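The following features are taken from TrEMBL:
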- 43-64: transmembrane segment (TRANSMEM)
- 114-168: domain 'Phosphatidic acid phosphatase type 2/haloperoxidase' (DOMAIN)
- 123-145: transmembrane segment (TRANSMEM)
- 151-177: transmembrane segment (TRANSMEM)
Amino acid sequence: MSSPDLLHPHDPASSASASIGTEWQPITLTLVEYPKGDLVGKLLAWISLAPLGIGAGFVALILFRRDLHTIVFFLGTLVNECFNMLLKHWIKEPRPVSRAQIWTELHHMNNSNSARLERLVRLLVLAICWTAAFLVCYGRIYLLYHTLNQVLIGAFVGMVMGVLWFLLTHCVLTPYFPMVVTWRISELFLLRDTTLIPNVLWFEYTATRHEARARARKLVSMKSQ
């Protein structure tokens, strides 16, 4: 005869009774606390989640662009994050406030007007990035997740790591990109090297427009026959 366990392997009643004494915890990757009723704190709490959005953006760019520079850039952020975790466990400096629950936190345009516009867009992007970085840092201090010294040291280490990874990418890795894209695995995953294209966005726009017009002319020619 079969045992009761084999007859009822997924008994809801037994599962419910077994879970009563189980300690449950949420996935706390995006949980950031702020003082209740503090609108500034709430805004800064949302802004402090910007690195998660940047990470998701990197994954989307890698999936849809397959550019080696983007992939290496993303690898640099992962290396920096790992180094950050090592420093946290090595220094072990306490947070400025002790909460009841400590959550784990985890191409080129031809005319001068277009060139000036391109420089302005780059400056605007840089300004947005620096502003976002400042607000994230300030939010960590305002919400009492880090002290000023912790944020300053983290920013300094991040800038040093960024400069070193930039030099490694452009002085050591980039010269090998033309060879890497010829590998069979690179062709399998459609990886590409855009090093020699100054403005990738403009290049893709003009190439797509040219191809669309060529296909439209071909379609009209086929219909007229």
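Just so you know, glycine gets a Cβ as well, placed from its N, Cα and C.
Heads up, TrEMBL stuff is auto-annotated, nobody curated it.
Counting residues of the domain 'Phosphatidic acid phosphatase type 2/haloperoxidase' (114-168) by DSSP class, helix then strand then coil, yields 50 helix, 0 strand, 5 coil. Listed as Cβ neighbours of the transmembrane segment (123-145) (distance under 8 Å, sequence separation of 6 or more from its ends, same chain) are residues 32-35, 40-41, 44-45, 47-48, 50-51, 95-97, 105, 151, 154-155.
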